[in-house]
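Sequence annotations record features per position, and here TrEMBL assigns domain 'Protein kinase' to 11-277. Annotated ATP binding site per TrEMBL: LYS40, in sequence order. According to TrEMBL, the feature region 'Disordered' maps to 290-312, 340-421. Per TrEMBL, transmembrane segment is recorded for 316-336. Summarising the annotation, TrEMBL assigns compositional bias 'Low complexity' to 374-386, 395-410. The compositional bias 'Polar residues' annotation in TrEMBL covers 411-421.
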Amino acid sequence: MNEGDLVAGRYRLLRPIGRGAMGTVWAGRHELLGRDFALKFASLPLRAGPEARARFLREAQAIGRLRHPNVVDVADFGEVAPGGGLYLAMELLEGQSLAARIEEQGALRPAEAVAIAAEIARGLAAAHVAGIVHRDIKPENIFLSRGMRGGLVPKLLDFGISKQQQADETLATMNGVPFGTPAYMSPEQALGELDVDHRTDVWSLGVVLHEMLAGKHPFVAPNYQALMTKIAESPAASLDVSVPEVVRNIVTRCLQKNPADRFADADALATALEDALARIGPGEVAIERPRALPSLRPPTSADAAQPASSPKRGPALAAAVVATGLLAGLAVVALAGKRDADPATPAPVPSAPVAEALPTPRETSLPATPPSATPTATTTQAPVAPRSANPVTHGPSGSASGKASGPTGKRPTTNVNDPGF
C-alpha cells in the first residue's frame with residue numbers, strides 16, 4: 001500500500017500511522033464524506049480459511065454496534081477487494097494512551113486514577129451487556145482522547161482477543177494457552193480456563209487501577225511461570241497509605257482470586273468508583289462526559305454480513321474468540337456518542353440487545369453536563385515518580401506514531417498465535 005491509493009473504492013490513503021503483529025494502520029480520507037479515518041488492515045495468517053474471515057466480519061459487526069463514549073467506535077469494515085484483505089475504519093483521535101501517561105508521570109493522583117477507571121468501567125459494562133468480554137484490559141488499550149472542551153475522554157481499545165458469549169459457538173482457542181497480557185490476567189485466565197466470564201475484566205481493571213495509583217504492577221516475578229503462580233496464589237502488593245482507604249478497598253475487591261468475591265459486574269465497579277470519587281473529592285480531574293450524538297458511520301461494504309447473534313443466558317455458555325486482531329493499540333477512534341439507559345444488571349450475559357441496554361454513567365462529583373450544555377472540563381497534574389520495570393517482557397506488540405501512542409516496550413506482553421487468527 002502507498003500514499004494516495006484508493007482502498008475499498010472510497011478511502012484515499014494519506015499516511016501510515018503504525019504497524020503491529022495483527023496488521024497495519026493508515027490514516028485515510030473517505031472520498032464522499034471528506035472525513036479522515038484510521039484504517040486498520042488485518043493480517044490474517046495464510047492458513048486462515050473462510051471461517052476466520054466470516055468470523056472477522058461477524059464479530060466486527062457486533063463490536064461496531066457498541067455505541068458508548070468510552071468504547072472505541074468502528075465506523076466501517078469489510079474486504080479491501082472481493083476475497084482480498086480485511087479492513088476496519090475508525091475515527092482518528094488526538095491524545096495519548098494511559099500507558100504513555102503512566103510512563104511520563106509515574107503514579108497518578110488518586111482522583112484522576114479513580115475517574116479514569118470509572119469511565120472505562122462504564123465502557124466495559126456496555127461491552128458486557130452485548131455479551132463481549134474484553135480479556136486484555138491494560139494501559140496500552142486505554143486511550144485518553146481529547147474532548148471538545150479540552151478534557152479527557154477515556155476510551156477502551158483493542159477487542160482483538162475478546163470473546164463473545166454465545167450458546168451456539170465454541171471457544172476458538174488453543175487448549176491450555178491463555179490469551180491476554182500476563183501481568184493483567186486474572187487467575188482463571190492465567191490458568192487457561194474455558195469458562196472465563198466478564199469478571200476477568202473486573203480483575204484486569206483492578207490491576208490497571210493499582211498501577212495508576214502505585215506506578216507499578218501489583219504482581220512482580222522474574223519469569224512468566226513465576227508470575228502466573230503469583231497471580232493465582234499470592235496477594236497483591238499493598239498500596240501506599242496515602243491512597244484513600246475507600247480506593248484501596250476497591251482495588252482489593254477487584255483483585256480477589258475467586259471471581260465470586262469481586263464486584264458482580266463492571267457497572268457495580270463503576271458505581272463504587274464514582275461513589276469513592278464523591279468521597280475523596282474530584283479535585284481538578286479533567287474528565288469530559290460527551291452527550292449522545294448521531295452516528296457518524298459512513299456507508300459500509302459489509303452491510304450484507306451475517307449479523308452477530310444476540311447474547312443468551314445459560315449455565316453453560318460457550319464462546320467464540322473474536323478472530324480479528326481488532327483495534328490493536330495502534331489505531332484509535334473518536335467516539336462522539338453517549339447513550340442514556342438503565343445500568344446493566346449483575347448478570348454476566350444479559351439478553352437485551354446492546355442498542356437498548358447500554359449502561360448510563362451515574363452522577364458523581366465529576367463535572368456534570370446539563371441537557372443543553374456542552375461538556376465541562378478542568379485540568380489536573382499528576383506527580384512525577386519513577387516507574388519500575390515490568391516482571392515479564394515478551395517484546396512490544398507494536399508501536400504507533402502520530403495520533404496514537406503504542407506500547408512503551410517496558411510492559412510484559414504475550415503474543416499467542418492461534419490457528420485461524
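Glycine residues also receive a Cβ, built from the backbone N, Cα and C atoms like all the rest.
TrEMBL annotations: computationally assigned, not manually curated.
Across the residues of the domain 'Protein kinase' (11-277), the predicted structure has a mean pLDDT of 86. When Cβ atoms from all protein chains are considered, those within 10 Å of LYS40 (ATP binding site) total 31, not counting its own. Taken residue by residue with DSSP, LYS40 (ATP binding site) is part of a strand.
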